[in-house]
Amino acid sequence: MPEDEYSPMTPSQVRQLRDELDSQGKKLVFTNGCFDLLHAGHVRYLNEARALGDAMVVALNSDESVRELKGPSRPINPEHDRAEVMAALRAVDAVVVFGDKRATGLIETIRPHIYAKGGDYTVESLNAEERAALDEAGASIRILPLVPGRSTTKTIQRMNTDGAGDRLRIGVLGSGEGSNFRAILAAIAAGSLQADVCVAISDQADSRFLKTAREAGIPAIHVDGGPNPRRYNDAAQKEIAEHLQRAQVDVVVLIGFMRILKEPTLSLYADRIVNVHPSLLPKYKGANAPQMAIEAGDTETGCTVHLVTAEIDAGRILAKAAVPVLPGDTPETLHGRIKEQEHKLLPGVLAQWKK
Ligand code: GAR
């Protein structure tokens, strides 16, 4: 279709739509926003909002009002394009573009049955003018939760190529809780680690580790490992290497990854695979290291970040942190204390990594 064939609706056309629906006992949902660079978070939100009624109009902020709300570098896409893309979504029946910072005038004209808003708002924190117009129109107000990990601002940050070539591309492998993974993501978000986690791979389909990746919008890949919880067959070993290469990672990080990593990854990423281990290596290699420290009667243990080689927990040590073993410690309490140190040690090692 030629570009100029699409045009958004006028507010009075939407009012007609609302009146038609009303006469059939049906409900019009209204929502508004900038909707620059559409992402999956928008689509999910819009689907949920549409499900509240029988048709939905989206009021898009005009370019000028987006600039007022978000600053001079926004929007990325001009209003006509944003309206055309928005109108093509399954959840959207009509689009209007409005120039004010607030949607008050539109609400007064359209008188929607349901007003949906996403995010951190509460009914009380809505703009007072908009709230009054909604009350006057008898609209019911529905606040829908934000979809975590998806935002236009984040997308723009990721796309911003200034310095992106210097950022470390990390691939993570894990089997369990993923607390170290979240510590890495927190360090990236805080700006203390200039990196991106580009892929997360696990042998456990339902692990918190993979859930963490999904929530952060990171490709989350389950590689089935078969019945032996410590081993991967050759096909699975190859699959892992392919995923890492496809994601173009600079460094591979094993965090609580309980299967033994072998070729071809070991050679492809020689000296570029790190593991975090809950003991002061070379003491207590393998599984259950916190329990071994307790059983040995040690008063101190800790964690180690080291390079991964074919020999288990034996590669070059990059950093260690000590932790006291306290009277009455169980393997769980001690491991919890060790993890607190791991959460600082591992992002710290990665922050120093030279590409
Ligand atoms: C970490 O404590 C790590 O040191 C350990 O698994 C835990 C994973 O926790 N790794 C090993 O024991 C490897 N032999 P997390 O999933 O919460 O990051």
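Cβ coordinates are placed from backbone N, Cα and C, and glycine is handled just like the others.
In TrEMBL, annotation is done automatically, which means it is predicted and not curated.
The annotation domain 'Cytidyltransferase-like' is assigned in TrEMBL to 30-125.
Mean predicted confidence for the domain 'Formyl transferase N-terminal' (169-350): the pLDDT average there is 96. Among the features that TrEMBL reports, domain 'Formyl transferase N-terminal' is placed at 169-350.
Of all Cβ atoms in the shown protein chains, 23 besides its own fall within 10 Å of the Cβ of G178 (N(1)-(5-phospho-beta-D-ribosyl)glycinamide binding site). Reduced to three states, the DSSP call for G178 (N(1)-(5-phospho-beta-D-ribosyl)glycinamide binding site) is coil. Residues or ranges marked as N(1)-(5-phospho-beta-D-ribosyl)glycinamide binding site by TrEMBL: G178, S179, N180.
Following the DSSP three-state reduction, the secondary structure of N275 ((6R)-10-formyltetrahydrofolate binding site) is strand. Annotation for N275 ((6R)-10-formyltetrahydrofolate binding site): same-chain Cβ neighbours under 8 Å, separated by at least 6 residues, are V253, L254, F257, V305, H306, L307, V308, D313, G315. The (6R)-10-formyltetrahydrofolate binding site annotation in TrEMBL covers R231, M258, R259, I260, L261, N275.
Spatially close to H277 (active site, proton donor) yet at least six residues away along the chain are K285, A289, C303, T304, V305, H306, D313, judged by Cβ distances under 8 angstroms. Sequence annotations record features per position, and here TrEMBL assigns active site, proton donor to H277.
According to TrEMBL, the site 'Raises pKa of active site His' annotation covers D313. D313 (site 'Raises pKa of active site His') counts 19 other C-beta atoms within 10 Å of its own C-beta, drawing on all protein chains shown.
Distances between the Cα of R231 ((6R)-10-formyltetrahydrofolate binding site) and those of the binding-site residues G178, S179, N180 are shortest for G178. Here N180 (N(1)-(5-phospho-beta-D-ribosyl)glycinamide binding site) comes close to G174, I255, G256, V276, K339, E342, H343, L346: these same-chain residues lie at least six apart in sequence, with C-beta atoms under 8 angstroms from its C-beta.
For the binding-site residues R231, R259, the ranking by surrounding Cβ atoms (within 10 Å, all protein chains) places R259 first. With a cut-off of under 6 Å between the Cβ and any atom of ligand 1, the binding-site residues R231, M258, R259, I260, L261 reduce to an empty set.
The DSSP breakdown of the domain 'Cytidyltransferase-like' (30-125) into helical (H, G, I), extended (E, B) and coil residues amounts to 35 helix, 21 strand, 40 coil.
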